[in-house]
Amino acid sequence: MENEAHSMSSDIGIGVNEKMVEALESSDNIPLLLTNSSSLKRTGTVWTAVAHIVTGVIGSGVLSLPWSTAQLGWFAGPLSIILIASITLFSSFLLCNTYRHPHPEHGPNRSASYLDVVHLHLGISNGRLSGLLVNISLYGFAIAFVITTAISLRTIQHSFCYHNKGSEASCEFADAYYMLLFGVIQIILSQIPNFHNIEWLSVVAAIMSFTYSFIGMGLSIAQIIEKGHAEGSIGGISTSSGTEKLWLVSQALGDISFSFPFSTIIMEIQDTLKSPPPENQTMKKASVIAVTVTTFMYLSCGGAGYAAFGDNTPGNLLTGFESSYWLVSFANVCIVVHLVGSYQVYCQPLFATVESWFRFNFPDSEFMNHTYILKLPLLPAFELNFLSLSFRTAYVASTVVIAMVFPYFNQILGVLGSMIFWPLTIYFPVEIYLNQSSTVPWTTKWVLLRTFSIFGFVFGLFTLTGCIKGIVAQKIG
């Protein structure tokens, strides 16, 4: 799924010289940046780009939006979603113009990935920094997937328990068991070579994400109709103190930021578009359509969830319904199916980066480079490499352990959204645009863009601080 893979570059993330590039180009398991994008046949249109963006953006983060709206209230909640959507759209416009270099429409050089364009315009140091941030975000997404899957599996178990034993029954299940089960599945799947290249995975993910989003929205609307009125208030959930409210607001804004992971996938999507018309024009149209659709979806889901539950809005929308147990269970099954595949989509680029680095630096190591053919009864033969087996197993195990130690859905999503929002959505796009356009310092455009970047930094710092505070408070509590 190219829109989720956030293709990693070995020479940016770790530091690769020209000889390593040549060595890696002979491998089947290399990051996108090292491929020859000029040889690709581009047939993408506005609508294929819209499909890539929407399926890449709408995911499990939508389930936290009712909780975010509840913290912010009926005025600030929808306004924050629209504001962050507008920032993301503006950032995408800046990046659209940097796909070709030096001219945004006729330049002969293309940037096939986000890391590619950072490296080209801002140099190797910034390239490595962006690579580090993207790798951290990929690792964080993996942790979030473990937590979300465990919550969904627990909710399914709860639904069947309450249905069979009654609403007064004691139906408590530990998330740790579900996390361990998910980890075992991912360890097995992570050994499958090129798992992230399975094209049908994108289609399945899109169907699953839209299904559970619409089910959550539909159940919320049904609950509003059943009650005969909408819950909620202008100021959102009341708290015991202003300080507590401030921290909850910061966590809510972090969750909303997590729901728009758009800027880091735009180069890969734009690299699929045919020309003429110029790719940047097509991408801008697609961005407007996709962000409009996504924002409408988020406003509807967030608003319906808050109107249904009011001050009792759960952190994960699909954990709040006690009726229609079969529909709730089906929606959570969709989440699990979505995240089982998405975990691999997000992790495989990082696997490729790390393993390529080890193989280049230790070319004579049999542990690093030798591949064994293993044949088990009743199963087809498959390749086994000890480096891949050990590293990928340790990687998956580490994400499960961290998720077990910090199983806090909203706060983890908020931390991830806060960490990547300013640097990857605002700072690097602004710096790249200023570099390519040769904007003169202290002109009106330069001052406005710098102000925009400073605002993003303050916003990201505020949300990150609040989310970390939330994790600490939850852990202590």
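Glycine is no exception: its Cβ is also placed from the backbone N, Cα and C atoms.
Remember, TrEMBL labels are computer predictions, not curated facts.
What TrEMBL lists as domain 'Amino acid transporter transmembrane' is 42-470.
Here TrEMBL flags 46-67 (among others) as transmembrane segment.
What TrEMBL records for 73-96 (among others) is transmembrane segment.
Per TrEMBL, transmembrane segment is recorded for 132-156 (among others).
Here the transmembrane segment (176-193) has long-range neighbours at 28-29, 146-147, 149-150, 153-154, 340, 343-344, 347-348, 351, 382-384, 388-389, 392-393, 395-397, 399-400, 403-404, 407, meaning same-chain residues at least 6 beyond its ends whose C-beta is under 8 angstroms from one of its own. Taken from TrEMBL, the feature transmembrane segment applies to 176-193 (among others).
Annotation comment: TrEMBL describes 200-225 (among others) as transmembrane segment. Tertiary neighbourhood of the transmembrane segment (200-225): same-chain residues 1-4, 51, 54-55, 58-60, 62-63, 66, 297, 300-301, 304-305, 307-309, 317-318, 321, 324, 327-328, 330-332, 334-335, 337-338, 341-342, 345, selected by CB-CB distance under 8 Å and a gap of 6+ residues from either end.
Below 8 angstroms of C-beta separation, residues 46, 49-50, 53-54, 57-58, 62, 65-70, 74, 77-78, 81-82, 85, 88-89, 92, 213, 216-217, 219-221, 223-224, 227, 230-232, 259-260, 262, 317, 320 of the same chain, each at least six residues beyond the ends of the transmembrane segment (288-309), sit close to that stretch. Taken from TrEMBL, the feature transmembrane segment covers 288-309 (among others).
The transmembrane segment feature in TrEMBL is assigned to 324-346 (among others).
Sequence-distant neighbours of the transmembrane segment (446-472) (same chain, 6+ residues past either end, Cβ-Cβ under 8 Å): 87, 90, 246-251, 253-254, 257, 406, 408, 410-412, 414-415, 417-419, 421-423, 425-427, 430-431, 433-434, 439-440. Look at TrEMBL and you will find 446-472 (among others) tagged as transmembrane segment.
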Same-chain residue ranges lying at least 6 outside the transmembrane segment (73-96) that approach it to Cβ under 8 Å: 65, 104, 114, 117, 232-236, 249, 252-253, 256-257, 260, 262-263, 266-267, 270, 279-280, 283-284, 287-288, 291, 294-295, 298-299, 302-303, 306, 425-426, 429-430, 432-433, 452, 456
For the transmembrane segment (132-156), distant same-chain residues with Cβ under 8 A (at least six beyond the ends): 6, 8, 13, 60, 63, 114-115, 173, 175-176, 178-179, 181-183, 264, 316, 318-319, 328-329, 332-333, 335-336, 339-340, 342-343, 346-347, 349-350, 353, 395-396, 399-400, 402-403, 406-409, 412-413, 415-416, 419-420, 423-424
Chain residues in Cβ proximity to the transmembrane segment (46-67) (below 8 Å; excluding those fewer than six residues from its ends, i.e. six or more beyond): 1-4, 81, 144-145, 148, 202, 205-206, 209-210, 212-213, 216, 220, 252, 255-256, 258-262, 265-266, 269-270, 272-273, 282-283, 285-287, 289-291, 293-294, 297-298, 301-306, 308-309, 313-318, 335, 338-339, 342, 409-410, 413, 417
